[in-house]
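Trainee: Quick one: structure below, then a few questions.
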Amino acid sequence: MEYLTGLSQKENVRAACKKCGFPGHLTYQCRNYLTVDPQSRAVVPGQQRPGSESPEQDYLTPLQELRREEEELEKRREEEEAAKRERERRPTKDEETRSRHRRNELKKKKKKKRTNKHRSRSRSRSTSSS
């Protein structure tokens with residue numbers, strides 16, 4: 001009988017993570033950044049990340065890292081768009097010569113129109129009433 005009661009007590013006790021306090025995984029498998037009791041500190045010292053030099057440095061969760069990377073990418077895109085808009089505003093040498101050429105052509109056309117202005121006469125219509 002004692003043997004059976006001992007099994008039931010073991011089933012009720014599950015191994016819990018020492019970092020976060022949640023049962024279901026061991027400390028070295030912990031990926032939770034939330035703790036059951038925020039007052040308690042982790043028993044196991046935190047693993048140092050390859051990029052961190054000091055343990056006092058703020059630890060970033062993967063979501064925070066992703067958000068920071070997205071913000072940096074967005075900032076770069078905005079800078080590139082601003083540079084692109086600036087380049088579009090400034091005319092290139094080819095565009096300047098084209099615009100001069102267009103202006104000269106328009107001036108020539110206006111001169112031609114002025115010279116041909118009085119050569120043609122408009123006919124007047126006669127209206128007949130019945």
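A Cβ is built for glycine as well, from the same backbone N, Cα and C atoms used for every other residue.
Automatic, uncurated: that is what TrEMBL annotation is.
Copied straight from TrEMBL:
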- 17-32: domain 'CCHC-type' (DOMAIN)
- 41-130: region 'Disordered' (REGION)
- 65-98: compositional bias 'Basic and acidic residues' (COMPBIAS)
- 99-124: compositional bias 'Basic residues' (COMPBIAS)
Trainee: Do you know the DSSP helix, strand and coil residue counts for the compositional bias 'Basic and acidic residues' (65-98)?
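Mentor: Helix/strand/coil tally for the compositional bias 'Basic and acidic residues' (65-98): 31 helix, 0 strand, 3 coil.
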Trainee: What average pLDDT does the predicted model assign to the domain 'CCHC-type' (17-32)?
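Mentor: The predicted confidence over the domain 'CCHC-type' (17-32), as a mean pLDDT, is 78.
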